[in-house]
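Student: Quick one: structure below, then a few questions.
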């Protein structure tokens with residue numbers, strides 16, 4: 001049976017991604033000075049303005065307006081004619097401390113209050129919720145092909161803009177990839193969509209030629225392209241007005257781009273701007289770590305892990321797996337392996353993955369999972385032998 005599946009990505013200059021990067025830049029700046037800082041930082045951008053809000057509890061000072069301007073400059077919004085630039089945009093801040101009602105459950109979990117002696121029981125989950133992790137073996141990074149290629153296209157768009165290969169490009173852009181499957185195996189790419197902001201002086205024909213030559217052909221495996229592959233490059237014909245001038249942006253509004261492109265389920269919680277006591281982030285990273293190690297160990301060809309937590313409780317209230325008919329062993333056995341190999345209490349996740357450090361801004365564009373350009377601890381295949389010994 002044949003079917004099509006599509007995923008999208010966006011560049012670092014997309015309005016929502018600007019917000020994610022600002023929120024994570026603030027988080028990184030605080031963790032660099034205060035590894036135990038509590039951060040929930042939200043950002044909104046619109047024409048000529050940035051608003052940073054949230055709850056931050058820390059013993060250090062960070063210059064948020066300076067962080068905002070430096071982040072916008074690094075993305076590439078440096079000229080007024082782009083409709084948004086780092087020097088002239090207004091930066092507003094409204095920051096308060098973390099609610100003491102939340103802090104009391106995070107600082108000391110219910111297990112600890114009831115006399116638990118295990119040091120990893122001390123920190124309770126920062127909220128309730130469910131988080132999903134996914135991995136499959138259709139790419140070398142154990143990611144679905146559509147989102148993997150879409151991210152690489154978006155990253156390449158920024159590369160050719162910043163290195164001067166295509167100097168007329170501007171920071172905003174989006175990509176989309178449709179993969180055709182036969183009997184659940186990726187066999188070809190059916191459609192590629194690239195929309196990129198550009199200067200008014202360049203023709204659509206030139207953009208199409210350059211994007212195909214310098215972006216698509218440099219990224220997409222040629223063996224997955226054929227004469228029937230569809231290419232849509234700036235299909236509206238013009239994309240001069242973009243970034244926050246074209247659309248307002250918010251932190252946490254690209255959660256499917258951030259994860260598996262819709263191929264795996266999502267619990268609904270965003271990542272950027274959140275310190276690792278927030279299980280929306282740390283447990284989603286842990287779930288990916290679990291799923292990737294299990295697939296790499298040969299437990300299944302596709303595997304999705306769900307973790308669920310209650311606020312103030314250290315241990316997950318549930319762990320479940322789905323192998324989509326590809327499992328080599330029973331799902332109940334897989335859950336047993338997870339419980340034996342992985343400690344999924346927030347304190348243990350933070351310790352094992354070394355999450356109290358400034359590593360987050362680099363995740364805020366081009367995906368949090370399956371990255372080949374940066375090293376991320378939840379992508380480590382460091383549990384393979386333990387898993388194989390239990391299969």
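Quick reminder: no glycine exception, Cβ is built from N, Cα and C everywhere.
Small disclaimer: the values here were computed from a predicted structure and weren't measured.
So Swiss-Prot says this about it:
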BINDING   14, 172, 173, 174, 238, 239, 247, 253, 254, 270, 274  ATP binding site
BINDING   16  Mg(2+) binding site
BINDING   42  K(+) binding site
BINDING   55, 98, 247, 278  L-methionine binding site
REGION    98-108  region 'Flexible loop'
Student: Check the Cα distances from the residue listed as 'K(+) binding site' to each of the binding-site residues 55, 173, 274 and keep only the ones within 10 Å.
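Tutor: Within 10 Å of the residue listed as 'K(+) binding site': 55, 274.
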Student: Given the binding-site residues 16, 238, 254, which one's Cα is the least distant from that of residue 278 (L-methionine binding site)?
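Tutor: With Cα distances computed to residue 278 (L-methionine binding site), the winner among 16, 238, 254 is 254.
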Student: If you measure from the CA of residue 55 (L-methionine binding site) out to 10 Å, which binding-site residues from the list 16, 173, 238, 247 are inside that radius?
Tutor: none
Student: What is the number of other Cβ atoms found within 10 Å of the Cβ of residue 254 (ATP binding site)?
Tutor: 25
Student: Average the per-residue pLDDT over the region 'Flexible loop' (98-108) and send me the rounded value.
Tutor: 53
Student: Counting Cβ atoms within 10 Å of each candidate's own Cβ, which of the binding-site residues 16, 55, 247 comes out highest?
Tutor: 16
Student: Need one number for the ATP-binding residues 14, 172, 173, 174, 238, 239, 247, 253, 254, 270, 274: the maximum pairwise CA distance in Å, whole number please.
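Tutor: Farthest Cα pair among residues binding ATP: 36 Å.
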Student: Measure the Cβ-based neighbour count of residue 274 (ATP binding site), defined as the other Cβ atoms within 10 Å of its Cβ.
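Tutor: Summing over all protein chains shown, residue 274 (ATP binding site) has 27 other Cβ atoms within 10 Å.
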